[in-house]
Amino acid sequence: MLKFQTVRGGLRLLGIRRTSTAPAASPNVRRLEYKPIKKVMVANRGEIAIRVFRACTELGIRTVAVYSEQDTGQMHRQKADEAYLIGRGLAPVQAYLHIPDIIKVAKENNVDAVHPGYGFLSERADFAQACQDAGVRFIGPSPEVVRKMGDKVEARAIAIAAGVPVVPGTDAPITSLHEAHEFSNTYGFPIIFKAAYGGGGRGMRVVHSYEELEENYNRAYSEALAAFGNGALFVEKFIEKPRHIEVQILGDQYGNILHLYERDCSIQRRHQKVVEIAPAAHLDPQLRTRLTSDSVKLAKQVGYENAGTVEFLVDRHGKHYFIEVNSRLQVEHTVTEEITDVDLVHAQIHVAEGRSLPDLGLRQENIRINGCAIQCRVTTEDPARSFQPDTGRIEVFRSGEGMGIRLDNASAFQGAVISPHYDSLLVKVIAHGKDHPTAATKMSRALAEFRVRGVKTNIPFLQNVLNNQQFLAGTVDTQFIDENPDLFQLRPAQNRAQKLLHYLGHVMVNGPTTPIPVKASPSPTDPVVPAVPIGATFDVAMRFLYECPWRRLQELRELIPNIPFQMLLRGANAVGYTNYPDNVVFKFCEVAKENGMDVFRVFDSLNYMPNLLLGMEAAGSAGGVVEAAISYTGDVADPSRTKYSLQYYMDLAEELVRAGTHILCIKDMAGLLKPMACTMLVSSLRDRFPDLPLHIHTHDTSGAGVAAMLACAQAGADVVDVAADSMSGMTSQPSMGALVACTRRTPLDTGVPLERVFDYSEYWEGARGLYAAFDCTATMKSGNSDVYENEIPGGQYTNLHFQAHSMGLGSKFKEVKKAYVEANQMLGDLIKVTPSSKIVGDLAQFMVQNGLSRAEAEAQAEELSFPRSVVEFLQGYIGIPHGGFPEPLRSKVLKDLPRVEGRPGASLPPLDLQMLEKELIERHGEEVTPEDVLSAAIYPDVFAHFKDFTATFGPLDSLSTRLFLQGPKIAEEFEVELERGKTLHIKALAISDLNRAGQRQVFFELNGQLRSILVKDTQAMKEMHFHPKALKDVKGQIGAPMPGKVIDIKVAAGAKVAKGQPLCVLSAMKMETVVTSPMEGTVRKVHVTTDMTLEGDDLILEIE
């Protein structure tokens, strides 16, 4: 440090000598004493404060920061040698506008000079004067010049006097809406309001009609007042589609003025610059000369000193118009520094010390353009939501760097908290190359390297700008963003690793996301997973596993190209539990076939032929193999069971064969087929259809499954369903090993080696241990032959058993089974397969819960509120049961309710799948596949939850079963393979105590780097009060589109509102947003008050 000071002192002495011997800039130049600056305070925050501190450190100057109460954790106060609190008790922005506090800190701490940065007080003449009065140098123009240039109207007058062309506008700030009306009458629309005492897009509003005038006037005034402490506005004619070109000027106290060429700031959104370029591409040399000479002329007109910017609009004919002077350092000064190799902050400080531009080696003839520089402002704004500011904690920050890249930032680090109180700028990225295309390539590369997690950023939008051909050609104007809607076709960030950490943290804090039936932990060891993924029920994949069933099918098809795949199709119900328009069923089969499905096992829970035929036709027209399935119930070997006799099944088979089925299946979901019945039914079918493949499916609830399937095989069945030994028995299928062993060395020998069966079973035994919490053996210890009486399907038997135990009714399961029998008889002795089995089960539980016998339920049918599924069944929503509906029960329950005649789906209009696709894209904001459309058509709520869940928690299919269900243990290390060649190394470190927001911090090590996430403790939050959130699916619930403060409420409870009517005004990061009504209706309740601070999606009000 001592050596550096000595060198710097030498430079100062040299500067004094040069000052004393250098020729005067003009005959009348005044001689000023050189006064070195030893301590600089920056009256600002964020990246500009750090930029100035760095320059001061390079010059050996001590630095002082000021900060508000909300900025105690900000980096700028840590980068300074000293830091002091200002504005205690004031609002966040007001703290940095409180001149007395800032001056007090400067005087008490022997500050020589104050640098205002940009924004806040940088263009306030009274602040410059207060510094001067306190004996503190203001690093900027004199107070008088700041006043003249800060008053946009006076600046216009000065420009006119200097012979610089200006845009038509008011001569003074307007004081009323009436004056704005008069100006509009004279010059016509469009017009633009501008803040008279500040820039940066604050208080700037374009108006295209009289209808927009009042609202935009009020908003512009309010924004200007909030940002600059003065709401004065002036109004001028708005020039359409101009280029926004600004010229950097630099002056000293000796009358020397020079320019550092121009910057193109045309790429703007809401009049705020997004991307800046120096020099302006394809700028006519003569126009460049006019712009720069007019800038210097204007600066000399007012005796400008220090750094400033003269801004112009250039119309399509090459005519330029002065718009304003920014008497301060600009956000985009960086690109000028890059192409001229002039450090503007160094120059500012030296000029404030009293040195001349020639002293600093700055002469106009020496200023040259070197290549091209581009600056992108990376902000915490979400371009997918109209650039709404996002706030929160940065969980991950990794920047793009390398040759030709410069980064100016302050809050861009892991753990930083982005506040809603200030500007959303996160980091300025500056790329420098030999020309415009080279700089653009470097910028694109740098942006692609960024990883910012925890808050949304505009990086995807900036990448689209950098790849746009108009931008690359250098032909942009201020309408560039508005006229290129493809810029908003954003490529969503994958963010897979961080999402998985969020999921694991959520499970570690709150437990499994999938409902766990019993308290049992997964096996601590994973089985050796086979090389193929395993299938799952369509909705279960989305509902509980949070995986796409279509993706599973695609992976299976790719890994197993040579074995036919089969799926269950519930006739007209497709893979759902209700009726769908015919076009949905046909489209589903078509897309399933395209994705690799081969055989469609088509069934209907009531064996209702119209539903079956529709499913068969849909599967056949898609090119699939049609396997028509007859759902089995009763006992064909019992002559007293006449409803579902052998003849009944033979007649059904005749109809299905005539309809063109390729395979015939008997679907015995309850395991009711006894060996004698198997022999009778299968032999009859084989005799009648000798060449038709026969497939038998059963469950082993009674324990007689193996015997039944052997009887089927001996009677002529071609295929019988079995399960791996470790997964067989009880409500599952009969044992594979038992069947293979029993048929060895017989005419029915399967040819399957028992050793392979044992290996296969061993894997599944290990896998079953992972699902201990779902295992039926937790509550069931054996099969039960009473299934021949209650006829409960295998899957439902298990579910009912779990439900009874979870409700504390384990000892009453016998009553539930008895009620199931009575419920079945009440409904007319149904074939019980989903969804008909659920209807019987719902009625049974209803009877047990209400202590009703069959006789009592039938007698009180007119007064009872039966389960919805029962009512809809009686209405005819799933079809007509064999033998018709039970009377008088049906009439008593339905009364005047409508009844469906014939096939339920026949009366449904076709679903507009294209419109559904558009709605899905609008909601989920990403590319939607044909498969997604069908998932949403069949399970709209499940699909919506699945998409929202995976958008939050990422690709959960990459987690092992144990991690998915239970999460990792503290200190556990594991790997997650996202895709080939991309593996995450993760270690769970710790979980913090609860914070005041009801959250716990969960710490991980990811690929050797510390990561932490905040997880809401759902149990703790139930005991804490939080503002309610707006539900996305409820149209009348209006949520905050961004975090911010409520500054105006425009409606009250009971008020009638029209679609598009303003409801309230939010302010965040010094920008105001009007929340409008999405619908017409009446305000039911207002949930906010003025000055209330909201988070994103907090409920504002409800409309009905």
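In case you wondered, yes, glycine gets a Cβ from its N, Cα and C as well.
Per TrEMBL, these features apply:
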type: ACT_SITE; residues: Arg328; note: active site
type: BINDING; residues: Lys152, Glu236, His271; note: ATP binding site
type: BINDING; residues: Arg570, Thr834; note: substrate binding site
type: BINDING; residues: Lys667, His697, His699; note: Mn(2+) binding site
type: DOMAIN; residues: 36-486; note: domain 'Biotin carboxylation'
type: DOMAIN; residues: 156-353; note: domain 'ATP-grasp'
type: DOMAIN; residues: 501-758; note: domain 'Pyruvate carboxyltransferase'
type: DOMAIN; residues: 1035-1104; note: domain 'Lipoyl-binding'
type: MOD_RES; residues: Lys667; note: N6-carboxylysine
type: MOD_RES; residues: Lys1070; note: N6-biotinyllysine
(message) Within the domain 'Lipoyl-binding' (1035-1104), count helix residues (DSSP H, G, I), strand residues (E, B) and coil residues, in that order.
(response) 0 helix, 38 strand, 32 coil
(request) Could you round the CA separation between His697 (Mn(2+) binding site) and His271 (ATP binding site) to a whole angstrom and send it over? (result) 69
(message) List the residues in the vicinity of the ATP site, defined as same-chain residues other than Lys152, Glu236, His271 with C-beta within 8 angstroms of the site's C-beta centre.
(response) Gly169, Ile192, Phe193, Lys194, Ala195, Met204, Phe234, Val235, Ile323, Glu324
(request) Taking the recorded Mn(2+) site as Lys667, His697, His699, identify the other residues of that chain whose CB atom sits within 8 Å of the mean position of the site's CB atoms, giving them in sequence order. (result) Tyr632, Ile666, Asp668, Met669, Gly671, Ile696, Thr698, Asp721, Gln733, Gly794
(request) Using all protein chains shown, find which of the recorded positions Arg328, Arg570, Lys667 scores highest when you count other CB atoms within 10 A of its CB. (result) Arg328
(request) Quick one: among the binding-site residues Lys152, His697, His699, which has the most Cβ atoms sitting within 10 Å of its own Cβ? (result) His699
(request) Find the shortest Cα-Cα separation between Arg570 (substrate binding site) and the recorded positions Glu236, Arg328, His699, and name the residue that gives it. (result) His699
(request) Can you grab the distance from Thr834 (substrate binding site) over to Arg328 (active site)? Cα atoms, rounded to a whole Å. (result) 73
(message) List every residue in the same chain as His271 (ATP binding site), at least 6 positions away in sequence, whose Cβ is under 8 Å from its Cβ.
(response) Gly201, Met204, Val206
(request) Within the domain 'Lipoyl-binding' (1035-1104) only, compute the mean pLDDT. (result) 87
(message) Give me the long-range Cβ neighbours of Glu236 (ATP binding site): same chain, 6+ apart, Cβ under 8 Å, in sequence order.
(response) Val167, Pro168, Gly169, Thr170, Ile191, Ile192, Lys194
(request) Quick one: give me the count of other CB atoms within 10 A of the CB of Thr834 (substrate binding site). (result) 18
(request) Fill in the CA-CA distance, the residue listed as 'active site' to Lys152 (ATP binding site), as an integer in Å. (result) 14
(request) Write down the Cα-Cα distance for Lys152 (ATP binding site) and His699 (Mn(2+) binding site), rounded and given in Å. (result) 85
(message) Between the Cα atoms of Lys667 (Mn(2+) binding site) and Lys152 (ATP binding site), what distance do you get, rounded to the nearest Å?
(response) 84
(message) The record lists Lys152, Glu236, His271 as binding ATP. What's the largest Cα to Cα distance among them, in Å, rounded to a whole number?
(response) 16
